[in-house]
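Below is one structure, written out as structure tokens; comments come after it.
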Amino acid sequence: MLIRLVPQPPSPTVLFTLSFPPLAQSLPPPPSWHLQIQRLATSELELPASIHALDKSAWVVCVLQEVTFDLCAGTVSCLFVDGQREEWPLVGAVGDRCVKSLESVLDDVNSSARENEKERSAGVEESQSHVRSVNPNSVKSPAPVKHKKQRSLLMSLVASLVPHSHHPVPSREAPPPPAPAPVPVEPSPRPLLPSQMPLSGKQLRRRARSTLTDTYRLFVLPELLTRLSPGGYYTWILRSMIDRAQRRMRELAEQRGLRMSDGQIGWTCGRQVGAGNDVEAEGDMFWDEDEEGTGEGDGDSLETETDGSSVHISDSSCLLQSKHKWIWITFVRTCIVTLTRVDLSSSSL
């Protein structure tokens, strides 16, 4: 999951990737995860890209692709891996606390940039001083030493035999100088506590990442849990696949020139149900003219309501003979039946 913080210009955008490390291959998954994998495979649902999606406390992070905090627009936008998007404004007391937390992230990021610049300048100055110290041109040559003229051996003997004409008078010892006045000793500064020591650029970046992650946990995750269906990844991927199938069927209907409401998709034999009224048509929306069929059926039908959507499918007389179109209808029927069964047992997942 990518967390994006868009501040007011001219500050740069802050990016942080939140992910979980993969489990060791030598360790088996927890029994509950293994059971969920079996149920997903039995229901022919898509398996998660990350095994952590089977964890109730981490599955939302695994199905999120990007979370954007836009301080310019004052909104939070969440993009899921299936293309769905959730967005809400930062208003009220909760929004103010979220904005304050994001501003502290920006302060740490800016302070980290300044500390990095100081460390870089100090490193350049140290390298330059080291180069000057080892430069041979800067080393001064020693001054020539003057050699004293040695006296001859004869002069040395004469000097030792001839007594000195006078002896120096011992001088009186000078009185010792007065002791200097005591200088007041200033108290040494107390060492800084670890909490008072200035933080380095690396420590500031770590604190900014931690604050940004806590902001997601405190202000984004609770809102998403109120918008998503309970039951974890199993329920989410089931509804996601149904939504994708409905969008695809709506595209096929639009290609045939048929209009369908957003909350209702229905099929009957020889009659299209849409927008709350029955519209007589020459044939079914998935009817192929070169195939046999009259559009009249005498079999039973299955009608299921879920999320305000009503799907009516004829079991024995529906004229969905085209292969690539029949796949979508069969898939939706399976998903709806499975969703009904999951809603009854979602608390046990």
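One is the number of the first residue shown, and numbering goes on along the chain from there.
Cβ from N, Cα, C; glycine included.
Predicted automatically and left uncurated, TrEMBL annotations should be read as such.
Going by TrEMBL, these are the annotated features:
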- 114-129: compositional bias 'Basic and acidic residues' (COMPBIAS)
- 130-140: compositional bias 'Polar residues' (COMPBIAS)
- 173-192: compositional bias 'Pro residues' (COMPBIAS)
- 288-306: compositional bias 'Acidic residues' (COMPBIAS)
- 108-146: region 'Disordered' (REGION)
- 164-204: region 'Disordered' (REGION)
- 288-307: region 'Disordered' (REGION)
Positions on the same chain near the compositional bias 'Basic and acidic residues' (114-129), where near means CB under 8 A and six or more residues out: 199-201, 204
DSSP residue counts for the compositional bias 'Basic and acidic residues' (114-129), split into helix, strand and coil: 16 helix, 0 strand, 0 coil
